[in-house]
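A.B. asks: Below are the features listed in Swiss-Prot for this protein:
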COMPBIAS  95-109  compositional bias 'Polar residues'
BINDING   Asp185, Asp187, Asn189, Glu196  Ca(2+) 1 binding site
DOMAIN    217-252  domain 'EF-hand 2'
ZN_FING   268-318  zinc finger
ZN_FING   333-380  zinc finger
Amino acid sequence: MSDGQWVCLSSEEFDQLQKYSEYSSKKIKDVLAEFNEGGSLKQYDPHKPISYDVFKLFMRAYLEVDLPQPLSTNLFLAFSQKPRQETPDHPKEGASSSEPNVSDSNAESTAKADAACAPDTESKPIKTQVPSEELEAAAPWGEPNAPASSSDAPIVYLKDVVCYLSLMETGRPQDKLEFMFRLYDSDENELLDQAELDQIVSQMLHVAQYLEWDPTELRPILKEMLQGMDYNKDGFVSLEEWVSGGMTTIPLLVLLGMDDSASKGDGRHAWTLKHFKKPTYCNFCHIMLMGVRKQGLCCIYCKYAVHQRCVSNSIPGCVKTYSKAKRSGEVMQHAWVEGNSSVKCDRCHKSIKCYQSVTARHCVWCRMTFHRKCELSTACDGGELKDHILLPTSIYPVTRDRQAGKSDSGAAAKGELVMQYKIIPSPGTHPLLVLVNPKSGGRQGERILQKFHYLLNPKQVFNLDKGGPTPGLNFFQDTPDFRVLACGGDGTVGWILDCIDKANFTKHPPVAVLPLGTGNDLARCLRWGGGYEGGSLTKILKEIEQSPLVMLDRWYLEVMPREEVENGDQVPYNIMNNYFSIGVDASIAHRFHVMREKHPEKFNSRMKNKLWYFEFGTSETFAATCKKLHDHIELECDGVEVDLSNIFLEGIAILNIPSMYGGTNLWGETKKNRAVIRESRKSVTDPKELKCCVQDLSDQLLEVVGLEGAMEMGQIYTGLKSAGRRLAQCSSVTIRTKKLLPMQVDGEPWMQPPCMIKITHKNQAPMMMGPPQKSSFFSLRRKSRSKD
């Protein structure tokens with residue numbers, strides 16, 4: 001191989017690149033428009049090789065931030081190679097002076113691009129740093145009309161980079177296929193030749209390797225697909241042939257990101273590539289799925305597993321998730337899937353071996369597993385999750401007249417048929433609407449989404465990336481006694497509560513929380529913990545069945561800037577569920593937020609987040625950007641002004657719940673012998689009375705706490721100090737500011753010019769409490785010591 005050997009990104013770098021693309025609001029199509037007249041990259045020709053400097057400009061326009069130097073360099077090298085020598089007998093750099101012109105020779109250009117985008121699967125991946133002088137030498141390649149030269153500068157073809165990045169984006173597979181077709185159809189004749197098709201497939205194999213696919217099995221599938229596309233055998237593929245062939249190749253659809261929203265319940269499988277932790281057999285050919293990486297395809301709805309080569313055969317359809325018509329007295333039947341059930345038979349209680357693929361099967365709905373000879377009744381009741389699950393017999397389409405009255409205007413404008421459903425749950429059950437934010441907790445949300453698709457009816461599980469909470473709430477609009485499970489952070493919970501308010505339910509559905517990511521102060525107060533750590537989801541669903549209800553106060557946050565000041569940042573929320581703060585803690589949160597937006601790869605764990613908070617808190621201690629806060633704000637509680645002149649504060653927090661900064665209680669605990677439950681909602685500002693005031697998230701009262709500085713915050717966070725300074729307990733708060741100050745609401749910070757802020761009660765939302773924490777021996781000893 002020549003000097004221009006493929007440079008592979010490490011798995012960590014690939015994950016890092018994916019996180020950057022998730023944070024970006026731009027699409028590849030948006031960035032390509034920058035090469036047109038009036039764009040920021042108009043001086044460069046996208047059809048010619050580009051330099052490292054132009055590559056960085058392109059990536060910055062796409063990701064909206066600068067990539068770290070090592071990642072940027074390795075990604076550039078992943079698409080570049082030095083111009084090859086004409087004579088293979090001269091492998092030495094710079095030995096030949098006659099280098100082919102990459103922009104004049106179409107065949108040689110294709111060969112170079114093919115070499116640049118074809119990974120060397122036989123050789124060990126190398127990680128190389130591009131020397132600064134070599135990158136400087138590459139600059140002429142990025143000039144608008146720079147001719148090709150014999151320089152040793154690396155060459156990057158923009159279309160290869162664009163094709164690669166488009167595969168990582170979310171979107172419909174058919175749109176990605178059409179985009180890649182037009183990207184490589186440089187002569188715009190609506191045809192692709194064999195060399196252009198090979199370049200596209202090479203990029204697909206490149207991305208597939210990073211996703212831990214086995215290219216030795218995928219490559220022949222893609223080659224067979226290309227051969228089948230050319231129906232008239234003329235060596236060219238039209239757009240129609242390309243899209244129709246791609247849409248019928250299941251492994252390719254999985255690679256492109258199969259859209260499962262349209263296949264919920266119509267009998268089509270939703271495939272995902274999977275690495276099986278235990279021996280698993282193909283449900284079609286009954287041969288074990290082999291491989292050290294991802295071994296085969298598995299349906300996320302029914303767990304039907306097949307080889308990639310077997311998926312195109314006539315395999316049984318997926319489970320139906322609804323009934324075609326309402327039938328009185330209809331009994332739900334088991335939906336069987338054979339094999340791969342290494343558990344005990346639910347009748348004879350004898351172990352079922354994984355290789356007994358034809359002698360045992362399990363029901364998709366109730367999870368009962370039997371030997372064939374042990375099967376009992378064919379009726380299915382939903383199993384241990386029957387209180388949550390919507391069986392197919394509980395869902396059926398409504399009449400066409402009603403559907404026409406409720407059809408979605410957007411879909412109707414496109415000529416699409418929008419099917420509406422009626423839900424009649426089984427008596428005594430409480431169907432669960434699951435709303436999952438796939439972006440919460442890194443990739444944790446995506447895994448949770450797939451697990452719930454299997455545990456429950458896929459129709460009752462919704463991806464918040466696809467339309468937000470509204471589609472799920474509309475689906476359950478007339479369903480009695482349903483519950484909601486919000487899977488995400490505190491921001492996701494607030495988003496769902498806002499949409500529930502707008503849905504105008506006759507009865508507000510109770511909401512449980514499965515916390516993902518970091519922080520999760522509301523979930524902590526509701527006893528659901530600080531973050532999901534991979535436990536049994538079935539256990540969590542069983543806990544929701546027994547959950548008691550508590551009412552959560554929600555508050556209006558009205559920010560009214562002064563007319564004479566310039567506009568500041570946009571206020572994140574106008575509803576407060578957890579807390580509002582101004583001053584030192586908001587300053588730290590704002591710096592943390594800005595840094596995370598710029599470098600998301602540095603904030604991928606809870607420990608790293610805590611270290612960053614410690615660093616920003618330490619620097620804030622010395623900077624003291626919010627000192628003498630009392631000179632710049634006025635505080636009123638229930639219309640009574642609070643005197644701050646004799647109190648040296650750097651921050652003020654308005655609390656609705658007893659948790660902030662990921663579990664810190666700024667108000668502090670109130671001793672039981674002093675605790676007084678207040679019947680009136682008059683403002684309390686007397687220090688002696690405040691010692692007896694109890695904090696409660698459903699008392700329609702706010703707690704106002706003062707912070708002396710970043711040092712005090714650190715002491716409270718680490719437990720060296722019990723709480724901040726209690727200033728008031730009241731039912732409304734008004735704050736007037738006189739200068740630009742950092743603020744935050746429910747963990748979302750912003751910079752606010754002088755303004756007036758009013759916080760008033762909005763309503764109460766029913767929330768579900770988690771199970772009480774089990775007391776350990778050490779916690780009991782601590783309690784006994786505190787009593788003494």
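Using the three backbone atoms N, Cα and C, a Cβ is placed for every residue, glycine included.
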A.B. asks: Can you work out which residues elsewhere in the same chain, 6+ from the ends of the domain 'EF-hand 2' (217-252), have a Cβ less than 8 Å from its Cβ atoms?
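C.D. replies: Residues 173-174, 177-178, 181-182, 185, 190-194, 197, 201, 204-205, 208, 271, 273, 291, 297, 307-309, 311-312 contact the domain 'EF-hand 2' (217-252) from elsewhere in the chain.
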A.B. asks: Within 10 Å of each Cβ, count the other Cβ atoms and name the one among the binding-site residues Asp185, Asp187, Glu196 with the highest count.
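C.D. replies: Neighbour-count leader: Glu196.
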A.B. asks: Look up Asp187 (Ca(2+) 1 binding site) in the DSSP assignment and report helix, strand or coil.
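C.D. replies: For Asp187 (Ca(2+) 1 binding site) - judged by DSSP and reduced to three states - the answer is coil.
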A.B. asks: Could you tally the C-beta atoms, other than its own, that fall within 10 angstroms of the C-beta of Asn189 (Ca(2+) 1 binding site)?
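C.D. replies: The answer is 10 other Cβ atoms.
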A.B. asks: Going by DSSP, how much of the zinc finger (268-318) is helix, how much is strand and how much is coil, in residues?
C.D. replies: 0 helix, 12 strand, 39 coil
A.B. asks: Given the model, what does the mean pLDDT over the zinc finger (268-318) come out as?
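C.D. replies: A mean pLDDT of 82 is what the model gives the zinc finger (268-318).
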A.B. asks: Mind tallying the zinc finger (333-380) by DSSP state, helix then strand then coil?
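C.D. replies: Going through the zinc finger (333-380) residue by residue, I get 3 helix, 14 strand, 31 coil.
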A.B. asks: Report the DSSP secondary-structure composition of the domain 'EF-hand 2' (217-252) as helix, strand and coil residue counts.
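C.D. replies: Counting residues per DSSP class in the domain 'EF-hand 2' (217-252), I get 25 helix, 2 strand, 9 coil.
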